[in-house]
Structures are given as C-alpha cells and as structure tokens.
C-alpha cells in the first residue's frame, strides 16, 4: 500500500468539516472549502455519500484561448481511486460533463467527479450510483463554447468569492457538507489534528448531552485541563485538544 493509499484510507473516517477544522489550524485559507459545489448524485444533498481521493484535474477554456485543444480524451486517462475535478470557465452556460464521462470514469475506478461548472444527464448519473458534486446542471454540450486545454494541471476555483487553487494530486474530500481540497503537502500534518479535534468534539458532545451549557463549557475551557464530573462519569477537556 502506497503512502497515498494510506492517507486516503485515513481521510475516509473524517467529514469535510473535520478536514476544514484541521486546515484552519494550519492557517490554510477557508479551511480548504470550495464554495458553491454541492452533491447532485446519487442524491441531491442527502445521504452518507462521501468521496476521498487525489485530484485528477481537467481544465476547460474558451474556444478563442490560444492554447491548443488537448489531443486525446481526458476521460480515458483517469487513474484508479482518483476524483475527477473538471474546471470550466466562469459562468459557462453549457454543461462540460455528462453521463458517458461518468460511465467511463467509474469503469476505470474513479471514486467520483467534482464539476466546477455545469454537468448534464442527472438521471443517468444517479442510475450509475456515481457521486457528482457540481455548481449546477445544464443540457447543452460544451463544444460550441469551450475546449479542454490541460489535464493534470493546476486549476483555479471559478468563483469571485475565493482565490483557491486545486493541484493535481491534492486530496479532494466531498460529502453532504460540501467539497474541500487538502493540499497534498499538508496531509500528513493535518491528519493528527483531525483526530484530536474529533476526540475533543466527542467529549464536548457528551458534556452537552449531560446538561452542560455552551457558556459554561466555554468559561471552563479557559482553564487548562479542566475536569468535569457528570452523572455519566468524569470527562477531561483541554484547550489543547
């Protein structure tokens, strides 16, 4: 098992919120959150679907872009275990991804696709039980407006809200909460922080269920190593957790 495989396996136990919490502690902007991308398949913002894998990036550009069109079809080169991340020019009304792409990606072992733009064939995607996260749906194909100019190249999130880059091999984590990018160079540093945060959150949840209020918890957490006696037993919370 490669280091990448081990990281993916470890990430599978965490939510996108857990990943963002760790990245905030590492001062990575927005906790890696990629705004505006939500789950469309196999369900619309429902269920326990989660995808984790290294990004296989695809960059579309307008037809008048001077860069040549990518010579082959990107979908035939999708690595097993990857997340296909397709970047479309901002505000492109046409879909840049469809059901046949997912059919091929799934056959090659991709774990899901994230479309920074529009996609189509929603029912086909759901019939495949293939995870799709995207900005929106569409009906028209992309050929009249844009072309693929790069594969496995850095791409920018197409929104005015954020300046975020997704690099090939960065870890993409997506679930009902949204989509997060975890830079590959931060993964090993972030994972222990996720574990500690989840442990602390679990303890706080137990305390809240035991009758503690948030104000009381916050006040008490201002002291290092505070112990709480509750009906369920003793629980220790630390500001360093």
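The chain as shown is numbered from 1 upward.
The backbone N, Cα and C atoms fix where each Cβ goes, and this holds for glycine too.
Note: residue 100 (substrate binding site) has non-local neighbours 121, i.e. same-chain residues 6+ apart with C-beta under 8 A of its own C-beta. For 98, 99, 100, 101, 120, the entry in TrEMBL reads substrate binding site.
The Mg(2+) binding site annotation in TrEMBL covers 121.
Residues listed for substrate, 98, 99, 100, 101, 120, cover a largest CA to CA span of 10 Å. Non-local neighbourhood of residue 98 (substrate binding site): 119, 120, 121, 124, 141, each in the same chain, at least six residues away, with C-beta under 8 Å from its C-beta.
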